[in-house]
There are 2 protein chains.
Amino acid sequence: MGEKEEVKLLGVWYSPYAIRPKIALRLKSVDYDYVEENLFGSKSELLLKSNPVHKKVPVLLHNNKPIVESLNIVEYIDETWNSSAPSILPSHPYDRALARFWSDFVDNKWFPALRMAAITKSEDAKAKAMEEVEEGLLQLEDAFVSISKGKPFFGGEAIGFMDICFGSFVVLLKAREKFKAEKLLDESKTPSLCKWADRFLSDETVKNVAPEIEKVAEFLQELEVRAQSAASRS
Amino acid sequence: MGEKEEVKLLGVWYSPYAIRPKIALRLKSVDYDYVEENLFGSKSELLLKSNPVHKKVPVLLHNNKPIVESLNIVEYIDETWNSSAPSILPSHPYDRALARFWSDFVDNKWFPALRMAAITKSEDAKAKAMEEVEEGLLQLEDAFVSISKGKPFFGGEAIGFMDICFGSFVVLLKAREKFKAEKLLDESKTPSLCKWADRFLSDETVKNVAPEIEKVAEFLQELEVRAQSAASRS
């Protein structure tokens, strides 16, 4: 595409959503500039201009054209650098539909339940949300067994679309395990997902871009302390 | 694909989501069997078996393999019958990313606000939701002007992905106008969207599959009466 190719990614280091384009860009061997945003300070003008609707990271700027929403960015990367590496989405339309379905399930059903469990003050709502999270993990265990067909990843022999989507939350789950008395990925309930999660975190591409679990755990703890002290002031 | 090609669609006649695969199948000249579900009675075994996670219509069964979630189905149809007609999604990755972004905006931000406005009992929540709906329409007006570049549809000269996504709600908006004192698509605020909506409803493909606005208006009114009498009993 000539010498003028400019690729820039706006993200924050701890965001599961920002990990996704990082993995995809690395899978496709695309060089890019990374800009760390500060969501606790004021958002950069570039972020506000590039994503005026949601004002969120990640944003990919390709030759100054903004692409937003993490999975949308991953599809864009897959379609744009389509000769650089194997396809991130499966090649058959039915398998693509399955990958999109389960990714949508993770982002719009499973993770919202986990977030609700983390932020609600009501013990009842928390218990109900955690039930949904655990039920969702059982459904994802079945999906993994059926989609991977005995291979290491949702994508088969290598990391694919659904691995990137769900895998981006594995760091968060492991970090929560470190500072909470919870074990969401439980070998007795979701044995295949547990093995998949370890394989995902050990993958060379992922290791190079995922934040350290220890650091994310400290950050989550800090957030909780901040939220509690804000609540005690109000 | 040989003689054994079997295509079946499960839907309900008034559902905006079920209109989407109908338009896509017609654009691709695919023959299919249509099965009307009764969501007020008991859901069919075929529906429950085909969509065990969400238990919702529409479901497309292609040679007995289920594909669920309306936009996912539209992408599947586009990719499977890719030689039957022009592509439903744009051909350039950046334009595809825009179509996916705005479709996600419609389904996960704009329409949830409209639904909230319709079902909430709180006047404050209703007013806040209607503000979001109107703000969203202004954003969609800008998106239409920028994406269509003077052509009749989001998809250019012909109906595309985003036309199918947002257009499926136009019947609902027009039906609400008939039985409520509201005019969401207002020519003074969103002139381009208003013209686009009329063009969409006059399109031959759409006319053949969209339900009659009058009939949907009667149905919405019936739903409201039912909801009110249920509320007065409780």
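Indices start at 1 and increase along the chain as displayed.
Glycine is treated like the rest: Cβ placed from N, Cα and C.
Residues or ranges marked as glutathione binding site by Swiss-Prot on the basis of similarity to another entry: B:S15, B:P16, B:S42, B:K43, B:K56, B:V57, B:E69, B:S70. For B:5-85, the entry in Swiss-Prot reads domain 'GST N-terminal'. As annotated by Swiss-Prot, domain 'GST C-terminal' applies to B:92-219.
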Practice task
For each of the binding-site residues (B:S15, B:S42, B:S70), count the other CB atoms lying within 10 A of its CB, then report the residue with the highest count.
Solution key: B:S70
Completion exercise
Among the binding-site residues B:K43, B:K56, the one whose Cβ has the most other Cβ atoms within 10 Å is B:K56
Practice task
Count the other Cβ atoms sitting within 10 Å of the Cβ of B:E69 (glutathione binding site), across every protein chain shown.
Solution key: 25
Handout entry: Candidates from B:S15, B:S42, B:K43, B:V57, B:S70 close to chain A, where binding-site residues are judged by Cβ under 8 Å
Key = none
Practice task
Determine how many residues of the domain 'GST N-terminal' (B:5-85) DSSP places in helix, in strand and in coil.
Solution key: 29 helix, 17 strand, 35 coil
Handout entry: Close in space, distant in sequence - B:P16 (glutathione binding site), Cβ under 8 Å, 6 or more apart
Key = B:S168, B:F169, B:V171, B:L172
Practice task
Count the residues of the domain 'GST C-terminal' (B:92-219) that DSSP assigns to helix (H, G, I), to strand (E, B) and to coil, and report the three numbers in that order.
Solution key: 95 helix, 2 strand, 31 coil
Completion exercise
Here the mean pLDDT of the domain 'GST C-terminal' (B:92-219) is 95
Handout entry: Number of other Cβ atoms within 10 Å of the Cβ of B:V57 (glutathione binding site) across all protein chains
Key = 24
